[in-house]
């Protein structure tokens, strides 16, 4: 009787974690879009979010330190500026441009265009030799690119400026996630835990995005009656409150992704992400009034097919790689990857689960 009960509990836990991930991921997309209707300062909003994420990460690290009784990793200035800065700059531009695009485009176009990030992740993974060349990758690229073209073809709510912003964000996102994988897989840095990575990334992300904010929004926001030229206290408190909610959602998204992957696998996150795109588009059509033609929906299906093929290929090769790791570890234990030797709670994982953990940042 223990096995069915354990299986049921594991299934309920997975469903709960997926729903938590959906709540934060879909919630922040719709919330930012809603906020941009009355608050036209996306870069300032992003800076506030980064500040909140840093503070919540610091609090979480402190709680984890008290719970485990071990000090958390703190990088030296040399490693911080040389190895973390490129990832932080790419992440800041990706998030900043994504939020900026909400001023111009619909949620459906944003969701669909953001899905093209898989193309750029594949490209930079090949450049940095994190991904092995495979003929099926050509089919993945063709499916996603064709789906994106069909989705934007004769779209009645298409905006070129916003589309370029999201496409540029997806391109930079490819660099971002590739550099993030390299950063988190360097065992000597000790940033395998996403909470530690978030804590170290936020200050440099803030500094990287701040010049763009000064150039584009600083003058207009300094004369805004919503913040710096308020005549009453209530509008200022309302603006700060709404911005704080977005920052909390952003932190919750990162933390829920970490929980989902650490308690299940990166494959679960990838599959959940595919269904999340479907839910987002359906909600955008029903709640926000986004209009999509039959060709647009067909393009979305084609794009999802490419993403699903990519996830399937990653799973197949991860399993084969896991079998190779098991054979190596039985012959020579010292050949085990130090990064994958133990899980977060100190217990050893199976080789297959370890290999899936190695894929966390690319999904």
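Just so it is clear, glycine is given a Cβ too, placed from its N, Cα and C backbone atoms.
TrEMBL: automatically predicted annotations, no manual curation.
Because the structure is a prediction, the values reported are computed rather than measured.
Per TrEMBL, the feature transmembrane segment maps to 12-32, 38-59, 103-128, 135-153, 159-179, 199-216, 236-255, 294-317. Per TrEMBL, domain 'Sugar phosphate transporter' is recorded for 15-309. For 339-363, the entry in TrEMBL reads region 'Disordered'. The feature compositional bias 'Acidic residues' is assigned by TrEMBL to 351-363.
Among the recorded stretches 38-59, 103-128, 236-255, 294-317, the one sharing the largest number of Cβ pairs closer than 8 Å with the transmembrane segment (12-32) is 236-255. The transmembrane segment (199-216) makes contact with the transmembrane segment (38-59): 3 or more of their CB pairs lie within 8 A, with pairs spaced 6 or more apart in sequence.
Two recorded stretches are said to be in contact when at least 3 C-beta pairs lie under 8 angstroms, sequence spacing 6 or more; the transmembrane segment (103-128) and the transmembrane segment (236-255) fall short of this definition.
Long-range neighbours of the transmembrane segment (159-179) within the same chain, counting only residues 6 or more positions beyond its ends whose Cβ lies under 8 Å from a Cβ of the stretch, are 86-87, 90-91, 93-95, 97-98, 100-105, 109-110, 113-114, 116-117, 119-125, 127-128, 130, 152, 361-362.
Counting Cβ pairs under 8 Å to the transmembrane segment (135-153), the top-ranked stretch among 38-59, 236-255, 294-317 is 294-317.
For the domain 'Sugar phosphate transporter' (15-309), the model's average pLDDT works out to 82.
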